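Positions annotated as UTP binding site by TrEMBL: 127, 190, 222, 253, 396. What TrEMBL lists as substrate binding site is 223.
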């Protein structure tokens, strides 16, 4: 049987008989079922119900994974979206706001995707608890924004956090500090799926536990899991019963994703009288965003196409800024009643993302995931809105962190806005080298965050530190050779300079 499995991928790629492939598929599904039953048998009585739901969801995903091979889009069918299917934000803003905006706001729920850890930035625990501005974390800023909204309009917009098993405990502990804020906060958990061995296509977990050496056996299956988890948690029904109608979903590390009253009004009071069930905020691509998913027209529906779905021969075309001008910010507005309807019909269709990983011990595994925006094609009357770049301000690296901590932005009621003193609205390109990857190393290397109001481009490589009150303007490149260290002195002004290993400062 093991030989069977090892030959599986070869057999699938060769044009073998479809009957033979079907037999192998059935063998694999049966073996997977046996392994999952063994895992379920190790669950305590209080874990059985939700573990069963998780494994059922995983089984469906695995079944689809075995059925689908190759890129999931037929390139020939991809068309540009019709003109009216992606509206410019200016047009939506021009409609203004009604007098009763508070009653519209009361129908909104803000959902933040909070399943990620801060490991890529060298931090333990949830990413949302990393300090980003004046000691405030991503979560602090989110709560401040919604609290400001509720106080300004005397409304009751709740915050919902979708946690993962990685972030749930730490997040819940911290939520106590907001108990007196004017924001109701709810949480629900993403599913927990087993990682599978790339060779055998069987789970590497032997039991349900996910602590100790078993932490690597499980994973949260991407934010596309929101629909099933939200529904299964019972929270979706509770919010509908309270009269809520739309959720605004975004990544918790996107500091530009604040509640926009003009978009909300457009949803609740559509100009043509027909409500959208799904709105995706898109923004214009720059060279930095060529890999971002894009909205296309496909089989008469709006469809999100990600780079992983594109046939190899067309990847360069997909990355072209002239052909595909926009990308998905993952700021989404979705009707609660539509999620409920589609979830009950099992009609939410999202492409599978196969995410290969190598574990610490060197074992190659795969994770089957889905993305929340991919469901756009399952909803009725979907719409794209081309929003300003300021609504997409993700903090994925310490280079991004430097931008949001700097004087390029001012902070007001939890929201960051570009400083009026900056002459042009684009953000500088910042590339910090590997010595800055971890947040604690990054913080140690800056005595204070430099003045960056007139900066266009910053590249720093090697062992470099910055003294207090440094100003950076134009293009600045600082490269310390291996074994050398460069200390930029306090009060230094670097404008269009290249600083190299032996501290020679040259004009750029």
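First residue shown is number 1, and so on along the chain.
Here the Cβ of each residue, glycine as well, is placed from N, Cα and C on the backbone.
Over all protein chains present, the Cβ of residue 222 (UTP binding site) has 23 other Cβ atoms lying within 10 Å. Close to residue 223 (substrate binding site) in the fold, though at least 6 residues off in sequence, lie 113, 115, 162, 190, 251, 330, 370, 371, 372, each with a CB less than 8 Å from its CB. Taking Cβ-Cβ distances under 8 Å and a sequence separation of 6 or more, the neighbours of residue 127 (UTP binding site) in its chain are 116, 117, 118, 121, 138, 167, 252, 253. Residues near residue 396 (UTP binding site) in space but far in sequence (CB under 8 A, at least 6 apart, same chain), listed by position: 120, 253. The maximal spread of the UTP binding site, taken as the longest Cα to Cα distance among 127, 190, 222, 253, 396, is 21 Å. For residue 190 (UTP binding site), the number of other Cβ atoms no farther than 10 Å from its own Cβ, over all displayed protein chains, is 27.
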